[in-house]
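Asker: Dumping what TrEMBL says about this protein:
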TRANSMEM  26-48  transmembrane segment
DOMAIN    41-290  domain 'G-protein coupled receptors family 1 profile'
TRANSMEM  60-78  transmembrane segment
TRANSMEM  98-120  transmembrane segment
TRANSMEM  132-154  transmembrane segment
TRANSMEM  197-225  transmembrane segment
TRANSMEM  237-261  transmembrane segment
TRANSMEM  273-292  transmembrane segment
Amino acid sequence: MQRVNLSTVSEFVLVGLSDAPEVRHLLFALFLIIYLATMAGNITILVAISTDTRLHNPMYFFLGNLSLLDIFCPTVTVPKILEALVLENKVISFTGCALQLFFLIDVVGTEIFLLAVMAYDRYVAICHPLQYMTIVSMKLCAHLAVGTWVVGFLNSLLHTSLVFTLCFCDSNEVDQYYCDIPPVLALSCSPTYSRELVILIVAGVLGSSTFVVTLVSYICILWAILCMTSAESRHRAFSTCGSHLTVVCLFYGTTICTYVRPSSTYSPNQDRIVSMLYGILTPLLNPIIYSLRNKEVRCALRRGISRIRTLT
């Protein structure tokens, strides 16, 4: 049995943030506002879906899972970023770094699988509307949702174990806002080729399979929409699926750019921008793109506000 290299590094330093006081204060305010807005938007969606019986159907069940993931995603990274900015504490323990990377990959992986499931849900709803409630039962929805979370967990467990059983014995400065696979791999003083290959293959297989499911679903959806005779039906279908497709393109584009490539191509400046897109901005935009533009969700929110006013 191969002996596992034990790390001599007990902590990492996150050096992806500026040390200039005026920049730090601006970044702190920006990250805090984005984080609070993300929390408010996604919690509002969750409350609307859970309290309004009109939204207790498969589509909104999956949207609720997406909002939950969009709460977890920035929560994994932003609090530590805020601490680094306001307290100038950029140090994170070895265990803390491993946990941060684990939960980040877990959330990102689960969301990729969930977006594929949501694409299939929209395919059945538009291409087989009469059989929709029979095919996409709430029991199936529960199984699919649990499956996405379990596969995301196992995928993250594999990636994290491959990265943090390497030997770290030299530099401990992570050139990123938080612990992520490419910048942490770049710090290892042991060979990483075989592990990078496994990570690349696993990410490629899982990512491409979910992408194919999503792509095929939308090709079928587009064809079905073009065959509709009613202009109103076409507009409603395009409106619903257009929002989903926007989220899918933004999320897939940024995650593939980050993870499905060798660490030798790692570019700190470019990766900081890309990681901000999928890790911080996408969870903020999802409630706006996906739910708050939805008429049923807006009506549910208005009904909820009316009930609160009545009680007070």
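Every residue gets a Cβ built from N, Cα and C, even glycine.
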Asker: Flag the pair the transmembrane segment (60-78) / the transmembrane segment (132-154) as in contact if three or more Cβ pairs fall under 8 Å (sequence separation 6 or more).
Answerer: yes
Asker: Taking all residues of the domain 'G-protein coupled receptors family 1 profile' (41-290) together, what is their mean pLDDT?
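Answerer: Across the domain 'G-protein coupled receptors family 1 profile' (41-290), the average pLDDT comes out at 84.
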Asker: Where among 26-48, 98-120, 132-154 do we find the most Cβ pairs under 8 Å to the transmembrane segment (197-225)?
Answerer: 98-120
Asker: What residues in the same chain, six or more past the boundaries of the transmembrane segment (26-48), come closer than 8 Å to it by Cβ-Cβ distance?
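Answerer: Beyond its ends, the transmembrane segment (26-48) has Cβ neighbours at 17-18, 55, 63-64, 67-68, 70-71, 74, 78, 81-82, 85-86, 280-281, 283-284, 286-288, 291-292, 297, 300-301, 304.
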Asker: Do any residues, 6 or more residues outside the transmembrane segment (98-120), come within under 8 Å Cβ-to-Cβ of it, and if so which ones?
Answerer: 59, 62-63, 65-66, 69-70, 72-73, 76-77, 80, 92, 144-145, 147-149, 151-153, 155-157, 159-160, 163-164, 178-181, 184, 206-207, 210-211, 213-214, 217-218, 244, 247-248, 251-252, 255, 278-279
Asker: Near the transmembrane segment (132-154), which residues from the same chain, at least 6 beyond its ends, have a CB less than 8 A from one of its CBs?
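Answerer: Non-local partners: 58, 61-62, 65, 106-114, 117, 121, 124-125, 206.
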